[in-house]
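Copied over from TrEMBL:
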- 27-47: transmembrane segment (TRANSMEM)
- 312-332: transmembrane segment (TRANSMEM)
- 344-362: transmembrane segment (TRANSMEM)
- 374-400: transmembrane segment (TRANSMEM)
- 412-430: transmembrane segment (TRANSMEM)
- 436-458: transmembrane segment (TRANSMEM)
- 465-487: transmembrane segment (TRANSMEM)
- 519-675: domain 'HD/PDEase' (DOMAIN)
């Protein structure tokens, strides 16, 4: 159906230029689709029609899968790292036997015995300070009680000899420090004179076990001071004769790690990977994935250059057809979106983002389609435009990604389809940006439901189910969070104002709306009534009712600069225009558009809402003051002085506001608003705007205009219903009716 009032070019030149313009518009969009199709091929070099299948674990293979050439199945990075770590742990700790450490212990113990004898011999009973000083020279700190204990020569000799026996008895065989074996696992290697002996780690004596055995040679076990001194001397003169050789140990362990085989399997040419009608196991699945990777590295299977070129063309064509299907859907069902190049570019950017991320996911050791951000695109498109087109975009993206080489034969298509649809629908629950968690929960629930369906069908373990739910939840949280963060630049880029943003601007408690209600109460009342008319009419014709309501809230904010010059804000009998020339009054009236834009700049009103300010009067005349100028006998009035600057309405919503604005203002002036008078008034105002050509650029059909008039009549009848009279206290008659405000001439 054509749009009312749109001029059609006539003649051959007009038809030719229109055809060229149409072809140019479609050609630009087709070029974008072709660029995306080629980009998808470059991201996924294997053609969608490649002969190498990939079946999920648990699926039944419909045919034999035979290796066309020999290839290896590499271990994943995690598997290889795990096996290398295990190889390192299996290598024994290297301990060097150092006999010289015993000589050091003996020498230091003998020196300690000599300094004790000298100190006690020289000072006698007053030898305390001298003994303490002498002992500290060899690293032993004695307490006063221990100095007194050692005063007896027999005790000194007994302690020294007991320590000497322990050291001579055990250190030659090798004793390690208590902490030396913390890195030992199972076995240790004892190196001595070029020979290495492997022994169990628990058979190696440490200082802790040496102390336990030394108790048997204790010289004075019943004396607390003697007992503590014995342990102190053993600790002080012990030198480990088994010392960890960290460098040798690290060399052995790294050599063992490097020796770990990188591949899990070696598949020979002609070997069967999985047979027809057999259940695909994990090993077969891994081999098929490795075959695909090997094929890609070889530049494809052994085919002729003609066949290779055909597969490239087929792959690009496959991608292009999917994208063209979406473009045709957009053209047929959302032509207003298809017509805006910025919107088309946003769709292309969203698709490119999803494809790029999918390519990265495909290169993971175990691809996780749950984290491909189809949900991000679906949430953004649903908020920016509408859930239906978002739903279609999500489905197209699921097919486009799921049909690429790395994802064919997997469950990616199903997973992406469920996640994308859940994301498109989830936005219906979000009424404010801080409610984004609801969308996250719904998308995560969609992935969980998909996991349950696949798990029950393919016999997944609880671990596999949990992994998919976990990755799905991660994908949901990240996608929705990123979508909310990217909304402001996307709105700015496309010039779109979203449902969420409209709700924020619809708050009548905003400072500017509060000012309007206090400083221009008549304008405020007119604004609210007009908003009701515009919203109902737009909803009836399939336009954006919320946009119409919010835009109407701000369409007359320019009247705040001089509210007293607009009749709805004037007290009865007081009109400042009576003292002004008609052209001055007309200038004040039409300047409320310009002043409204200035206020819109101050509050950073979104561009789509600013359109309601400049378009709601179009290029209409300010007839009252033009006639007044003629009555005064002024020079022939300049039509430009008595007309609004325009432009005329460009959207259905601003066109409906123009009609609602005139209808509401005129209805307030009706002395007796009967249903018949209201219908005639609505018909008159709408016909007048149409005859003036104010609707020629608006995308409204004649059928839609009829629906708009019906809604105006319905709402106005509700606003101007008959009032019931009530008896007053004095016996008279009262009424609840209110006097209609006068309306400003326009």
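Just so you know, the numbers here start at 1 and follow the chain as drawn.
Placed from the backbone N, Cα and C atoms, the Cβ positions cover glycine too.
The list of residues near the transmembrane segment (465-487) in space but at least 6 beyond its ends in sequence, with Cβ under 8 angstroms from a Cβ of it, reads 368, 370-376, 379-380, 383-384, 415, 419, 423, 426, 433, 436, 439-441, 443-444, 446-448, 450-452, 454-455, 498, 500. With a threshold of 8 Å between CB atoms, the same-chain residues lying at least 6 positions outside the transmembrane segment (312-332) that come near it are 29-30, 33-34, 36-38, 40-41, 46-49, 338, 347, 351, 389, 392-393, 396, 399-400, 403.
For the domain 'HD/PDEase' (519-675), the model gives a mean pLDDT of 85. Panel annotation: around the transmembrane segment (412-430), residues 367, 369-370, 372, 374-379, 381-383, 387, 390-391, 393-395, 397-399, 401-403, 436, 438-439, 442-443, 445-447, 449-450, 453-454, 468, 472, 475-476, 479-480, 500 of the same chain, lying at least six beyond its termini, place a Cβ under 8 Å from a Cβ of the stretch.
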